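I have placed the structure first, in the form of structure tokens, so that the comments after it can refer back to it.
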Amino acid sequence: MTAKIIDGKVLAERLRGQVADEVARLRADYRLQPGLAVVLVGEDPASQVYVRSKGEHSLAVGMHSVTHRLPADTRQDELLRLVAELNADPLIHGILVQLPLPKHLDEKAVIAAISPDKDVDGLHVVNAGRLASGLPALVPCTPLGCLIMLRETLGDLTGKRAVVVGRSLLVGKPVAQLLLQADCTVTIAHSRTVDLPAVCREADILVAAVGRPRMIRGDWIKPGATVIDVGINRVPFDDPEKAAQGKTKLVGDVHYKEALQVAGAVTPVPGGVGLMTVACLLQNTVTAAKRLAGIEG
């Protein structure tokens, strides 16, 4: 059996199309243009790529988009002042501070300063609490992308046994909450879980978000299970010649080639969950704009 490959590119393009249609409707019917502000502190190359992508995609769907690039030596009070200005700006409905921040800045304090109504990363404690309580919330983008991919692949998730490997605030815990709300039976596993392979083998849905390259092997996967690989790990090429040249590639937390022989469906890395994350950021910005404007539906 060869698993179905869940194509993140196709799903992300579809979601961006839906967002663009909704933005056009809001602009036509309500004269409301959803606005996203992205804040980048420092010059981390990966963060610059992510921020540029977010800006380009938000403009492409018709949103108002602003990027604030601050020097690496920006003080905490300066960053908090900018966040306060964005909180008060009626043209901005979503605020995203690109993480990680330089080490001298307090990430938790910065996230806490963002208005929960504009927290499109879904990291504010208010949104985390609302999600855990089953109340409407802005949900972290990667877990939201995982849920969309699962529903596209499986339809109704009711009664499925789901195992989430990883307990981070960014992915593991929120994706578990979303799966619970979808009426799955959920287990959160992690590096200290006893007999982790056996726990994984119980899963109809296996979400890997542990940050260890190719940790989850094919014989950890229940035949026919749906595997969502959130991991993004840079490793040397298997080819010794390329590895000797310092060349690297991206792999997930799942051993992809082995998973293909066992799973019913699996997301690739790259080309899977990562592509959904930016699309879900756009969706969250539209959701925030509608809630702030009191627009239903």
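Note: Cβ is positioned from N, Cα and C throughout, glycine not excepted.
Since this is a predicted model, take the numbers as computed values, not measurements.
Cβ environment of R167 (NADP(+) binding site): K173, I188, H190 lie under 8 Å away, each six or more residues apart in the same chain. A coil conformation is recorded for R167 (NADP(+) binding site) in the three-state DSSP classification, outside any helix or strand. The NADP(+) binding site annotation in Swiss-Prot covers G166, R167, S168, S191, I232 and rests on sequence analysis.
Considering only the binding-site residues S168, S191, the Cβ with the fewest other Cβ atoms within 10 Å is that of S191.
Looking only at other Cβ atoms within 10 Å, the busiest spot among the binding-site residues G166, I232 turns out to be G166.
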